[in-house]
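Trainee: Following this message is one structure expressed as structure tokens.
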């Protein structure tokens with residue numbers, strides 16, 4: 001299995017930007033922790049960060065056929081981007097949305113996610129640990145998909 005982690009605008013500034021909201025952990029530290037968790041589960045993991053909406057859309061589209069699931073922190077674009085929402089819909093695979101801060105305790109414009117309705121789930125407000133939670137969520141989804149495929153194969157064999 002392979003997972004792509006897509007980071008949106010200003011995530012590269014973690015540990016520097018608004019530490020009272022986002023904490024002191026840098027993006028690279030989050031990625032390192034995720035690499036370790038993925039390695040223990042024998043799952044490949046890749047990372048991508050961009051401050052540009054079109055580059056995020058391109059990366060989401062590139063996931064089709066190359067990864068099994070996506071973790072995305074679209075950051076501010078989660079609240080505004082129909083293009084990112086449409087790209088997530090188009091790839092038809094498990095996508096989990098992450099927000100480091102609890103967006104529901106923040107400004108009103110941050111309280112609605114355009115992408116949440118097309119994601120398998122959202123992890124909001126758990127700080128950097130939210131990425132680990134999202135990864136565990138994808139592992140659970142992968143297990144369910146594999147169990148379903150095994151049951152289908154068994155049913156097909158029984159019908160032959």
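Glycine is treated like the rest: Cβ placed from N, Cα and C.
Pulled the feature table from Swiss-Prot, pasting it below:
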- 22: active site, proton acceptor (ACT_SITE)
- 99: active site, proton donor (ACT_SITE)
- 73, 79, 86, 100, 101, 110: substrate binding site (BINDING)
- 17: site 'Transition state stabilizer' (SITE)
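Structural setting of the listed features?
Mentor: Listed in sequence order, 14, 15, 100, 101, 127 are the same-chain residues six or more apart from residue 22 (active site, proton acceptor) with CB atoms under 8 A from its CB. The DSSP secondary structure for residue 22 (active site, proton acceptor) is helix.
Within the same chain, residues at least 6 positions away in sequence whose Cβ sits under 8 Å from that of residue 99 (active site, proton donor) are 73, 75, 78, 113, 122, 123, 124, 125, 130.
Cβ-based neighbour count (10 Å, all protein chains) for residue 101 (substrate binding site) stands at 17.
Mapped onto three states, the DSSP output places residue 17 (site 'Transition state stabilizer') in coil.
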Trainee: Calculate the distance in Å between the alpha carbons (Cα) of residue 79 (substrate binding site) and residue 17 (site 'Transition state stabilizer'), and round it to a whole number.
Mentor: 19
Trainee: Measuring Cα to Cα, how many angstrom lie between residue 17 (site 'Transition state stabilizer') and residue 86 (substrate binding site)?
Mentor: 29
Trainee: For 17, 79, listed as recorded positions, tell me which one has the smallest number of other Cβ atoms within 10 Å.
Mentor: 17
Trainee: Fewest other C-beta atoms within 10 angstroms of its own C-beta: which of the binding-site residues 73, 86, 100 fits that?
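Mentor: Sparsest of the binding-site residues 73, 86, 100 by Cβ contacts within 10 Å: 86.
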